[in-house]
């Protein structure tokens with residue numbers, strides 16, 4: 001009986017030690033690798049399929065319609081332009097964007113306005129907000145989707161006098 005208890009105690013001690021060693025192992029993934037992760041969701045569509053991307057962006061706009069603009073916000077209680085892009089690209093396309101407009105403006109490849117296609121990021125210098133910049137996603141026919149300070153999550157026309165004058169750059173991810 002004493003021998004059995006001793007073996008049980010020794011077995012438990014070995015099992016606990018093995019678990020502690022396994023739990024203490026460090027993650028060798030670098031920060032740059034973490035930032036480049038592509039997330040997958042059941043709702044994800046491919047940016048290379050414009051019909052599917054347009055459909056998903058339209059559904060996404062309906063889900064977020066009525067959400068007010070809130071600087072620094074990232075939920076349906078209130079969201080800002082870069083937060084909306086971050087949520088949109090992660091949920092719909094599995095792309096993890098940086099949080100701020102300034103950082104998003106460095107992502108992907110810069111393209112000209114006449115090269116725009118569905119899913120491209122469009123940037124504006126509005127002079128409003130903490131850095132005076134704004135971001136949205138190009139949908140089709142000169143329309144882009146964004147979180148507007150006045151209308152919340154809406155479509156706007158790139159060729160309207162305001163947005164045309166404020167246009168800064170476009171980027172393809």
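Yeah, the Cβs are placed from backbone N, Cα and C, and that goes for glycine too.
Positions annotated as domain 'NlpC/P60' by TrEMBL: 51-173. Per TrEMBL, the feature signal peptide maps to 1-24.
Summarised as a single figure, the pLDDT of the domain 'NlpC/P60' (51-173) averages 95. Counting residues per DSSP class in helix, strand and coil order gives 40 helix, 40 strand, 43 coil for the domain 'NlpC/P60' (51-173).
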